[in-house]
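One structure below.
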Amino acid sequence: MSENFAELRIERVRREFGDHVALAELELTIKGGEFVALLGPSGCGKSTALNCLAGLLPLSGGQILVDGKRIDTLPPERRGFGMVFQNYALFPHMSVHRNVAFGLSMRGIGRAERTRRADEALRLVRLSDHAHKFPAQLSGGQQQRVAIARAIVLEPRLVLMDEPLSNLDAALRLEMRTEIRRLHQSLGLTTVYVTHDQEEALALADRLVVLRDGVVQQVGSPEEVYAHPANRYVAGFMGYRNMIPATVSDVDEEVVTVAAGRSVLHGVNRDGLTAGSAAVVAMRPSDVTVGEGENALRAEVEIVEYHGREQAVQARLPDGTALHVRTGSRLAPGDTVSLTVPADRVLVFAEEHPPGEES
Amino acid sequence: MAERGVDRVLWLLVPGVVFVVALFAYPVLYGLQLSFQPEEGGGVLANYERFFADPYLRDTIWITLRLAVPAALINVLASIPIAYRMRGRFRGKRLLTTILVVPITLGTVLTAEGLINYLGPVGWFNKILMGIGLTDEPVRLVHNYWGVLFSLIITGFPFAFLLILSYLSGIDPTLEQAAATLGADRRRRFRYITLPLLAPGLAITFCLTFVLAFSVFPSAYLVGLPQGETRVISIAAYESAFRDTDYPLGSAIAMIMAVVMLVVVGLVLLWRSTLYRGATGGKG
Ligand SMILES: Nc1ncnc2c1ncn2[C@@H]1O[C@H](COP(=O)(O)OP(=O)(O)OP(=O)(O)O)[C@@H](O)[C@H]1O
Ligand SMILES: [Mg+2]
């Protein structure tokens, strides 16, 4: 029904609950047809941001513009955005088919077309056989697909999805993830997708927005955010599970030399560090390999978990810091090993990074 | 014990069961058998025949229904918009709820006194009406049908309001939000989402306030016309049993009263059984 917009601008949008700032000055421009993921841990303000966009929460400040026209003063029913709720919010007293057709009948669309479009939406989410059932008679995954069908049947100019996969088991989650991406591509719907799962965000989105305590930490493509996290917080979220305290001993342009865990490491200077400052060394478990070589650390193996092709190993550095490693080689608790990391995979951040500031 | 299928916790029910039997089942059964033993002879059903033959007795059913059904309906219908607006959290909610619920604690006699003071021939209401020249004669609002209806509304409203408020609070607010994102304005959200989910609760609330109103007794005396248009069925039962000391007839009237209530409640519950009655939470 509604044609795609060229751009949706979110300008300094702010939301407070009492004196708690749930969302601070959100700035974002979403282009028509784009798939944006809002990523962050529980309580960082993702749902708040989505509810502000949908019009379910009044803003404490800022404005939202669609192609230059302010929409933040419109009630939700006049914004023409579809929403998939975190808890699905299916109407329990209506059949699946009526749930999906509800939005169509609110728009005054005639019975024949309503049925046709609802059938089509249910076919897209592969629920045609369950159209006559009630929500309570469906599994969690099926309910979730009804919620998606109900939101997309109107072909809204913006679809908001609030952790739609969080209640599903791992297999179904993967399947639905592909489904959502497929729907996005085939219908070309502009989507804002909220999740706390970095893998999901990386897999689905054209652009990621990483939030922390209501403050945007980084905006970028999945590749950018994954390979060049803006700060140590984003790095932690992007799988840099190892965060080792260190002291900078030498700086040579982008390369820093640090003393960490009684070893000397070279890494990438991410925060403009200078010699002598306290730092944190971030490494992904999968970037650490077992063996002698450059950029090595000595550690004692403590815990070994079997993960099929790989092992997840927790080792301890001489100074007592824990280090997580994923490796194909067979290790046993008590082994003393040498671990190496390529210098370009070692990110060195300042000890405490002020939130909100991007480096 | 548990292996033999009796949970020991169930023994905790014993006092309750004894209580119900002693205070409810026994009097009902006793009254029932008493109603079949008419004082003045005749068949087993003589008391019932007498009730339905005598218009002075028979009409009390109609008189009571004419009070109880509108009172219950008004209470339910008035509670819906007020409770609907009071679902959420807002400043002063507790105070407002208290004010709305206070009449429960007043009791019928105080309510009646208040009604006479406000709505009586020399009460404030009539003084104001006459003061601004709307009427020359005081409007009769107590010691007739209206007095009893007002009293039933005042005492029944808090029950209806509290019940409906709790039914409304049980409906997941994200359902209405979802409807809003699908294009439903306030009116249609209420019409298509909240009302259907609330309807079973409305039926129950109607039944409870109806039963309360149907057994109206003190206010029919105090602010009504107990020998005239508010001669409700409980007055007839009371007079038979205690003025005329005809216990069997009194029992028969009490039985008829119970049957009328059961019929009304049964009809409402029958309607309710055609509605959706499942969970009203978010996941359906
Ligand atoms: N109605 C409210 N009143 C007060 N504080 C609130 C309210 N709603 C949210 N908050 C607070 O705002 C912050 C952000 O909440 P929000 O629901 O946006 O988190 P979230 O990122 O969606 O988390 P989750 O992943 O757990 O859903 C939280 O700290 C929360 O406590
Ligand atoms: Mg949330």
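Cβ atoms are placed via backbone N, Cα and C, with glycine included.
Annotations in TrEMBL come from automatic prediction, not curation.
If you look up TrEMBL, you'll see B:61-268 marked as domain 'ABC transmembrane type-1'.
Residues or ranges marked as transmembrane segment by TrEMBL: B:9-29 (among others).
What TrEMBL lists as transmembrane segment is B:61-83 (among others).
Same-chain neighbours of the transmembrane segment (B:95-120): 82, 86, 126, 141-142, 146-147, 150-151, 154-155, 157-159, 161-162, 165, 218-219, 222-223, counting only residues six or more beyond its ends whose CB sits under 8 Å from a CB of the stretch. Annotation source TrEMBL lists transmembrane segment at B:95-120 (among others).
Annotated transmembrane segment per TrEMBL: B:145-171 (among others), in sequence order. Residues 66-68, 70-72, 74-76, 78-80, 82-84, 86-87, 97, 100-104, 106, 108, 111-112, 115, 119, 194, 197-198, 201-202, 204-205, 208-209, 212-213, 216, 219-220, 222-225, 229-230, 232, 280-281 of the same chain lie 6+ residues outside the transmembrane segment (B:145-171) yet bring a C-beta within less than 8 angstroms of a C-beta in it.
The transmembrane segment annotation in TrEMBL covers B:192-217 (among others).
Sequence annotations record features per position, and here TrEMBL assigns transmembrane segment to B:249-271 (among others).
Highest Cβ pair count under 8 Å relative to the transmembrane segment (B:61-83), across stretches B:9-29, B:192-217, B:249-271: B:192-217. Panel annotation: around the transmembrane segment (B:9-29), residues 258 of the same chain, lying at least six beyond its termini, place a Cβ under 8 Å from a Cβ of the stretch.
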